[in-house]
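A.B. asks: Pulled the feature table from TrEMBL, pasting it below:
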COILED    669-696  coiled coil
DOMAIN    91-462  domain 'Cation/H+ exchanger transmembrane'
DOMAIN    515-655  domain 'Phosphomannose isomerase type I catalytic'
DOMAIN    685-756  domain 'Phosphomannose isomerase type I helical insertion'
TRANSMEM  26-53  transmembrane segment
TRANSMEM  74-94  transmembrane segment
TRANSMEM  161-182  transmembrane segment
TRANSMEM  188-211  transmembrane segment
TRANSMEM  223-251  transmembrane segment
TRANSMEM  257-282  transmembrane segment
TRANSMEM  294-313  transmembrane segment
TRANSMEM  348-366  transmembrane segment
TRANSMEM  378-399  transmembrane segment
TRANSMEM  411-430  transmembrane segment
TRANSMEM  450-471  transmembrane segment
Amino acid sequence: MNLTEERLEFTAESASERGRIWKLPALYTVEISSCCAYLVFIVFAFVTASAVMESSIKNDSLHEAQVFLTPNDYAVSVYSLLVIVCLGVVIGYLTQLCRLPSLLGMLVVGIALRNTPEIGGSLFVVKEWSVVLRRVAFIVILLRGGLSLDAGAIRRLKGACLRLSLIPCTVEIIVVAVMAKLVFGMDFIFGVLLGAVLGAVSPAVVIPALLDASKAGYGVRAGVPSLVIAAASLDDVYAITVFSLAVSLLFPSGSSRLMTILAAPAEVFAGIFFGSAMGFLLHVLPRNEVKNVHLIRLSVLFTFSTAILFTTIRLNVDGAGAIAVLVSAFVAGHAWKKEGPLPEEDHLANLWHLAFQPLLFGLIGFELSFEMVRSDTVLCGCLLLVLGLLFRFFASFLAVFGTSFTTRERLFVAVAWMPKATVQAALAPVVMDMARSKSGVEPSYVDNGIVIFTIAVLSILITAPVGAFLIRLATPVLLTKDGNSPKEVVLLAKSETSTKQATGDVDETTTHEIMYKLICAVQTYDWGKKGNQSAVAALVKEGHHASYVDDNKPYAEFWMGVHKNGPAKLVDTSEYLSTRIENHPEVVGKHEQGTLQFLFKVLSVGKSLSVQSHPTKEEAALLHAKDPAHYPDPNHKPEMAIALTNFELLCGFRPPREIYENLKGCPEILELIANCENLERLLDSNEAVAKQTLKNVFTKVWSSSPEAIAKALQAFVARISKDFVSDPKNTLDELIIRLDKEYPGGDVGVFAPLLLNHFTLKPGEATFLGPNQPHAYLSGDCVECMACSDNTIRAGLTPKFKDIKTLCANLTYAMSGPPLFPHKDLSPGVRLYAPPVPEFAVQAIEAKATKFTTESASSIVIVINGSACFKAGSLDLHVHRGDVIFFSAACSDVHIVNPTSDFISYRAYTPRP
């Protein structure tokens with residue numbers, strides 16, 4: 001199957017097309033998309049305002065309480081909120097300096113302001129304002145939870161992730177519900193509500209601690225941080241879902257609780273339906289090309305969330321709203337993540353940390369009056385909390401059985417699963433607020449609401465600081481630091497495996513069978529194509545290697561390998577591939593000398609690269625010894641480029657007749673050459689004579705003074721520009737004019753097209769750049785493979801260091817046509833590009849292929865188009881466009897299953913001698 005240029009258009013639209021379930025109609029322009037997004041935003045904002053105001057009017061108790069409020073009360077409320085937020089941020093920051101969660105300081109601020117008349121006696125917050133703001137903060141929590149859910153991580157971690165998310169929370173809910181009945185005499189439904197409030201782990205406490213442990217290298221290879229972080233959001237989603245359904249049962253909208261129980265599944269399905277519908281709508285609204293697209297779609301998602309939550313509260317179907325918000329964020333985020341990490345998550349994080357976190361915890365603290373708290377409630381609440389945590393600890397320890405974790409690692413997971421804060425703050429006052437606001441409820445509802453609120457606040461005050469301290473204390477004691485363990489332990493096969501779970505410590509025979517997904521480096525050289533015009537940017541967005549693509553930023557090269565200036569990392573552990581190879585040399589073939597011998601790249605060229613060549617090994621050693629600053633290693637640098645789109649370049653000297661005619665037709669360059677050489681000798685039948693003549697001409701032109709070169713170029717470009725108007729098909733003149741615009745001021749490289757072959761590779765065509773072969777990439781996208789070296793001899797079209805003397809001395813001056821490099825068909829769908837060097841070869845693997853053989857060599861594969869499943873032994877790995885995979889030398893046969901019709905990938909490896 002031959003590549004077509006159309007199939008490889010790297011635009012913003014194609015980059016996001018895989019995340020859509022329908023194709024956008026041609027009439028759906030950027031302008032229409034913007035108008036639709038704005039209209040949807042206005043509608044949801046109106047619905048939100050209507051639902052909030054309607055709730056205020058219909059909310060009898062709150063309405064009656066606020067009849068006597070004056071304008072001054074509202075002004076005081078605004079002032080009080082500012083005080084709570086500002087003090088919360090400051091005290092939270094100081095608390096963080098003490099290595100405690102900042103939310104603890106914010107909570108203490110609220111409690112102190114409420115219960116210290118000398119400090120906060122003049123403060124007052126309108127009750128309904130507090131309720132609305134806390135619900136909006138709850139929405140932010142739901143959105144962050146939904147967006148942070150990683151479907152891929154959940155698939156990879158599978159059983160362990162689900163067990164850790166569901167089992168400890170369920171056990172704690174049951175234990176707390178039973179204890180609440182025994183200790184407080186609560187109905188079971190209130191006990192479930194209390195259990196759901198307490199059952200959620202706090203990502204705000206756990207994740208920072210786990211990230212610190214991961215950065216320090218603790219537990220990374222075992223996969224402890226990955227598992228805990230992936231399961232944390234799912235745990236919260238589960239607890240919130242249980243709480244929402246329990247609230248619906250406690251405050252039924254129907255005529256009886258039985259009807260409410262029967263209607264509960266309908267609430268769940270309604271929430272999933274509306275959330276999914278909004279999530280799918282946000283796949284295409286607005287289009288990616290719209291300016292500030294991330295801010296716009298977050299605004300639409302946020303207003304939808306407020307509209308659906310407040311409307312469902314107004315309709316007494318609270319559970320549907322919370323579920324809809326979670327599902328919409330998850331569905332929308334699942335598609336957005338295919339473009340790269342989400343700026344929307346960053347925006348929400350900033351909104352949370354700077355506004356809603358201090359508001360939520362400050363207002364929760366401000367709600368807690370010591371006068372309404374009974375001492376026996378505190379003591380019994382502490383007992384209930386401790387018992388719940390004890391059962392949760394053992395449930396967490398047992399939940400991670402069946403993984404490869406050691407006993408100490410399972411203990412660490414159990415410790416990390418204890419802190420509570422964020423969800424507790426959001427859910428704590430809900431029952432109390434609803435019991436107070438609804439008419440006709442039993443007095444015990446308010447009392448039970450106060451108990452739930454008090455115990456939830458206690459859980460934050462106790463478990464947040466203690467949990468954070470215990471995690472820091474347990475990290476070096478219970479987890480193994482990478483590099484100190486004699487055996488590598490893996491949780492999973494570091495792949496999206498659906499058929500094999502790790503069953504224990506991984507020995508040599510299983511370690512090197514693993515396929516690793518890689519995170520690779522992007523180089524932003526100024527010659528690269530900008531933003532979404534770049535193939536590199538498109539692949540990076542789809543393969544999750546970088547954040548939002550900046551349309552004003554060049555994305556030039558995508559490096560896949562172990563080069564020190566852009567080393568690849570393993571997706572699941574963030575460990576450098578070079579470190580993995582160093583610690584486990586068996587993952588590469590014996591002939592690879594303990595490391596990768598090549599660097600694999602994708603290039604997107606928007607502006608011409610330098611006229612350059614690369615030395616032989618012997619020349620590289622001499623240059624390195626003489627000038628290590630400009631020639632940093634003693635290695636040669638053969639390269640091969642395979643076009644992805646039409647790829648324009650200069651390469652190799654033209655045939656003698658073409659050079660002769662081009663020079664004869666350029667009086668400006670003849671003036672530079674003067675009498676240094678008889679150009680007729682270029683046509684001499686003696687090849688040595690012709691080469692020496694070319695060398696003399698080239699050296700004379702390139703060694704001329706900058707002033708002489710600038711003068712000749714100015715005259716030359718002026719002359720051909722005038723003629724070019726009447727002869728637009730003259731591609732040589734067009735190229736020279738373009739190069740002069742790209743490198744103005746007299747760059748000698750502008751003369752290069754007169755001497756070097758100018759041609760365009762079609763998609764799938766290749767060229768091999770051997771030592772001392774002059775070349776310059778001009779435009780287009782390609783896959784490039786090269787030996788690991790930084791030795792480049794430049795002599796034009798660059799602001800970098802030029803070594804004209806070395807270049808002129810080293811070139812071969814061989815003259816021929818464009819150096820196209822042929823491929824060989826190995827099997828259906830597999831083409832081999834095997835240059836005459838030992839370091840690398842490249843295979844193109846397309847949809848017709850059923851497998852490829854690694855030949856006992858490690859390899860790197862990049863998926864350029866489509867998707868498929870790679871199967872190696874009992875492991876399988878689902879891949880799509882932009883994914884980069886490292887295969888160890890032991891993967892003898894890799895089978896390709898269910899490829900899409902447009903599937904194509906390229907594989908680089910070092911062949912056996």
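Cβ atoms are placed via backbone N, Cα and C, with glycine included.
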A.B. asks: Does the transmembrane segment (348-366) reach the transmembrane segment (223-251) with at least 3 CB pairs under 8 A, where each pair is 6 or more residues apart?
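C.D. replies: Contact between the transmembrane segment (223-251) and the transmembrane segment (348-366): absent, because fewer than 3 Cβ pairs are under 8 Å.
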A.B. asks: May I ask which of the stretches 74-94, 294-313, 378-399, 411-430, 450-471 has the most CB pairs under 8 A with the transmembrane segment (161-182)?
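C.D. replies: The stretch I would name here is 378-399.
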A.B. asks: Check for me, if you would, whether the transmembrane segment (26-53) reaches the transmembrane segment (378-399) - at least 3 Cβ pairs under 8 Å, residues 6 or more apart in sequence.
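C.D. replies: Not in contact, no.
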A.B. asks: Which sequence-distant residues neighbour the transmembrane segment (74-94)? Criterion: at least 6 residues beyond either end, Cβ under 8 Å.
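C.D. replies: Sequence-remote neighbours of the transmembrane segment (74-94) are 102-106, 108-110, 113, 120, 122-126, 129, 133, 354-355, 357-359, 361-363, 366.
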A.B. asks: DSSP says what for the domain 'Phosphomannose isomerase type I helical insertion' (685-756): how many helix, strand, coil residues?
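C.D. replies: When I sort the residues of the domain 'Phosphomannose isomerase type I helical insertion' (685-756) into the three classes, I find 55 helix, 1 strand, 16 coil.
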A.B. asks: Helix, strand, coil residue numbers for the domain 'Phosphomannose isomerase type I catalytic' (515-655) per DSSP?
C.D. replies: 35 helix, 42 strand, 64 coil
A.B. asks: Which residues of the same chain, at least 6 past either end of the transmembrane segment (188-211), have a Cβ under 8 Å from a Cβ in it?
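C.D. replies: Non-local partners: 101, 103, 145, 148, 168-170, 172-181, 224-225, 228-229, 232-233, 235-236, 239-240, 242-243, 246-247, 249-250, 357, 385, 388, 392, 416-424, 427-428, 431, 448, 451-452, 455-456, 459, 463-464, 467-468, 471-472, 475.
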A.B. asks: Over the domain 'Phosphomannose isomerase type I catalytic' (515-655), work out the mean pLDDT and round it to an integer.
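C.D. replies: Averaged over the domain 'Phosphomannose isomerase type I catalytic' (515-655), the predicted model reaches a pLDDT of 90.
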